[in-house]
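J.: Okay, so Swiss-Prot annotates it like this:
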- 1-327: region 'stellata-2,6,19-trien synthase' (REGION)
- 92, 96, 181, 182, 183, 184, 229, 230, 231, 232, 233, 318, 319: substrate binding site (BINDING)
- 92, 96: Mg(2+) 2 binding site (BINDING)
- 92, 96: Mg(2+) 1 binding site (BINDING)
- 92-96: motif 'DDXXD motif 1' (MOTIF)
- 278-286: motif 'NSE motif' (MOTIF)
- 328-709: region 'Geranylgeranyl diphosphate synthase' (REGION)
- 368-380: compositional bias 'Polar residues' (COMPBIAS)
- 430, 433, 462, 479: isopentenyl diphosphate binding site (BINDING)
- 469, 473: Mg(2+) 4 binding site (BINDING)
- 469, 473: Mg(2+) 3 binding site (BINDING)
- 478, 556, 557, 592, 599, 609, 619: dimethylallyl diphosphate binding site (BINDING)
């Protein structure tokens, strides 16, 4: 294995008690990266969860845990794996301190959060405690290496499913205990850390073999942990009123009726045996030609994890009260980590300047305001929040209401009226807007009842707009299924979509106060203005400028974002008042530009909506606007586009022709570059909001990172 980021440690500078003889110890050259992120994790824990007390984690002097156990971690990944490991230490201490029968609850919660981010791309309730920190870990890992991050998150979820599940079981034999301990030590957790840190990919067909070969190494690390943590675990057990300790030393004492010292010596012999056994395993691995280079690199890296774990453990303040921290670590603990390293959100290496084409800028935004009410940031809640009952019962006529329609008739009519809406609502959705609302509520702290109403309003309007969009655009597919009007026809679809405005208005009334209604009508107005611009250009073959295009996007796509942002600001319980207009407009521009790009290049999008659907519908998307403006005299382009108008649609061959012109002319690359800049603007807005609110929003950053990589 090639060594780029570490150096061999002089054996005279550390002690091992003979527990890793024959193994080399290496140490990372950039250990300050670990120190910064371990301390950052502790800061986040204090902010999000609570005080740490006398907590000791992965840091120490002269050796810190990740720098010596994964010495070849890529420098840009060392920080986040150190943060993740520190979070694991904090979680471990919580489950130790809690009543032992509650340990599963903590593991279940962490597992559920990892499962959520894998399956849905977000972590719900990330504004509370540990889940906010998990969202932070996931976001940073996904931003570095999406595929390996997902692999690690899946491995950690599986580990949490098994870890700590027998803490209330009194093991009778060493064999039974060791079988359990190999998994509980975090074989899969360490696998996730190590593969991500060193950018290793184990082929699927070699995964089981890899874990089997590494079992002895993980047993080694488990027993080292049992040896050095014996006093700590024994004290925790006594504090919890337990008469047993889930530790090899305790099991050996009971099984063989031996003293504590004898059991510790027995543990050392098992560790030494595991060292010899794994060295033999690795020698055999090197001679095999049926294993990939990455599998071999992983199994070799585990050697350094074994030796590093021994050296760190014997010098760690986590296990030894006389162990120390470095002067730099103590300085940062006292005064905070370097300010240049405190935020992950601002610059992303993307040029923050404007993108220009033919002197048309796409950076300017149109702030939507009306009579000074462009934001609800300084509004106060008026009214009692109750909805008026418009359909009171007429007691003299059973089964009737005062409007003369029977309840049974109303129910039937409602079912017919709602059927198209319920059809589109039942189609699979990633729920981006709902996740974004949850993330923003980390700042706004809108009461749960009002937040549910805001979500309901946005869901109703979003699905209604999709029904009308598909109908107006002639789209036959929505989320891989037949569009609503292809099932229910034009009339029923239009009627049901329009009725949703009534439902949304009824929901707005539940929020109480006139300002909610004002925000609602303003943003609904702009949403329809944006849609009309889009339809007008398509119908009349008018190619807008890029500025005009983004003005339309801010109305049409940004409208719903502004609506929920302004409603949340209006009903916020946070005393900090912030204008969400700029953020909402930037999100709208990014979201629509991404949609334009995905429509042309994404296989998944083709499956859900059809091949290059925007070209088929004649929409002026950003790539097409760029193409038409940079090739205004191209006869092939002009004639293909005119034929699409004549036919009312575009054939597969015509779409292929336009797509090829986009590739040759750089229109797709322009759109991709624009996305990078728009994402930079979005990150800048998030950073500004974090500074205004005085709190980082890991969940929001995770959502956008997944959106960028999705």
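The backbone N, Cα and C atoms fix where each Cβ goes, and this holds for glycine too.
In terms of burial and nearby residues, how do these features look in this structure?
T.: Taking the region 'stellata-2,6,19-trien synthase' (1-327) as a whole, pLDDT averages 86 in the prediction.
Long-range Cβ contacts of residue 319 (substrate binding site) within its own chain (separation 6+, distance under 8 Å): 228, 229, 231, 232, 313.
Cβ-based neighbour count (10 Å, all protein chains) for residue 92 (substrate binding site) stands at 17. Reduced to three states, the DSSP call for residue 92 (substrate binding site) is helix.
Proximity of residue 433 (isopentenyl diphosphate binding site) to non-local residues of its own chain (separation of 6 or more, Cβ distance below 8 Å) is seen for 458, 459, 462, 560, 561, 564, given in sequence order. DSSP gives residue 433 (isopentenyl diphosphate binding site) a helix state.
Look at residue 469 (Mg(2+) 4 binding site): DSSP puts it in a helix.
Listed in sequence order, the residues of the same chain lying 6 or more apart from residue 469 (Mg(2+) 4 binding site) and placing their CB within less than 8 Å of its CB are 475, 531.
Residue 599 (dimethylallyl diphosphate binding site): 22 other CB atoms within 10 A of its CB, across all protein chains.
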J.: When the Cα-Cα distance from residue 181 (substrate binding site) is computed for each of the binding-site residues 556, 557, 599, which gives the smallest value?
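T.: Its closest listed neighbour, by Cα, is 599.
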J.: Could you put numbers on the helix, strand and coil content of the motif 'NSE motif' (278-286), residue by residue per DSSP?
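T.: Split into helix, strand and coil, the motif 'NSE motif' (278-286) gives 9 helix, 0 strand, 0 coil.
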J.: Check each residue in the chain of residue 557 (dimethylallyl diphosphate binding site) that is at least six apart in sequence and keep those whose C-beta is under 8 Å from its C-beta; list them in sequence order.
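T.: Same-chain residues close to residue 557 (dimethylallyl diphosphate binding site) (Cβ under 8 Å, separated by 6 or more) are 530, 588, 589, 591, 592.
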J.: Have a look around residue 229 (substrate binding site) and count the other CB atoms within 10 A of its CB, chains all included.
T.: 20
